[in-house]
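*Asks:* Have a look at this one before I ask anything.
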Amino acid sequence: MNLRELVSALNDFASPALAESWDNVGLLVEPSPPHTVNTLFLTNDLTEEVMEEAVQKKADLILSYHPPIFTPLKRVTWKTWKERLVVRALENRIGIYSPHTAYDAIPHGVNNWLTKGLGACTSVPLHPSTAPSSPAEGTHRVEFCADAEHLDAVLSKIKDIPEISCLTTLPARVEGEEQTRVSLNCSQKALLEVVALLSQNSFLYHKTEILLLQKPLLAHTGMGRLCTLSEPVSLSDIIERVKGHLQLPHVRVALGAGRTLESPVKKAALCAGSGSSVLKGTEADLYLTGEMSHHDVLDAVANGISVILCEHSNTERGFLSELRDALAVHLQNRINIVVSEKDRDPLQVA
């Protein structure tokens, strides 16, 4: 596949618009066009060892779940390992694409894969995503009625305000009088100017309605998951299920206040990777994530919530095999898709 065609297909699989605003997703390194992709190489983290593996396997595009370029690079030299990744990629005509939190949000993504470690359950996003685009422009809609005496002057001034859209006028009958109903969409900044303008005329101001425009929520899409198990299960059993699902010999566990390993778990909140900010404040019997700060663990424990920590990338990497199969179907088996054998969590139990 042509690289640009493949990137478009990957964006269709998981829209980059679903990623968090702080994230750096999409095509990060692009060899000079035209660039044909025969082999797509999947990894959770793109380290130098993994890059060498990609070169050896003749990858044309690396899909790295974590973006190897996150903070801006001021130069591309051989001095730092992340700069060397870019050099090696371009020297070998390998593109780099990263989906990161877009894959966290989608219904067929990382967090849904992680829920399978709990056993039979239903789940909903902890923080639902809104539709990336919506027919309505702006953040607010303003509607008011004006008579012929004031209409032209008000509309003239409103049209001079930036960030106004969808301005319409319709005939209206208010309290037996023929008037014109004005409707417009505007940004938060423009709203202040519109209100200031209308407030200069008490007749207009008292008949003004302001509506907050919100994009619709997307079903089964968003950050984190709140899982309700079909049947309560002891914490010790959940620990074994999680270890089996993630293929880990050990996990770290903090018991909630008043809880034991035999305490039942009915509701579990989870977030792949570093989940503190996503899980915080959620009522559940258990938090499952890769890593949390010491003080966030203390907060959870004090609230009677047990915590299972598996290390950051251990809660993500196992998804790659499922992703390989899903992308093969999505791309109609047009390219070879391989999963890194060198990619691994940097932390070990010694």
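Yeah, the Cβs are placed from backbone N, Cα and C, and that goes for glycine too.
Below are the features listed in TrEMBL for this protein:
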BINDING   His66, Asp104, His312, Glu316  divalent metal cation binding site
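Set these features in their place in the structure for me.
*Replies:* In sequence order, Asn44, Tyr65, Val110, Ala272, Gly273, Gly290 make up the list of same-chain residues 6 or more apart from Glu316 (divalent metal cation binding site) whose Cβ falls under 8 Å from its Cβ.
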*Asks:* Using a 10 Å cut-off, grab the number of neighbouring Cβ atoms around the Cβ of Asp104 (divalent metal cation binding site), all chains included.
*Replies:* 29
*Asks:* Excluding near sequence neighbours, so keeping only residues 6 or more apart in the same chain, what lies with its CB under 8 A of His312 (divalent metal cation binding site)?
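*Replies:* Gly273, Ser274, Gly290, Glu291, Asp345 - these are the non-local Cβ neighbours of His312 (divalent metal cation binding site), listed in sequence order.
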*Asks:* So if I measure Cβ to Cβ from His66 (divalent metal cation binding site) and keep only same-chain residues at least 6 apart in sequence, which ones fall under 8 Å?
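*Replies:* The list for His66 (divalent metal cation binding site) reads Asn44, Asp45, Leu46, Ser98, His100, Ser313, given in order along the sequence.
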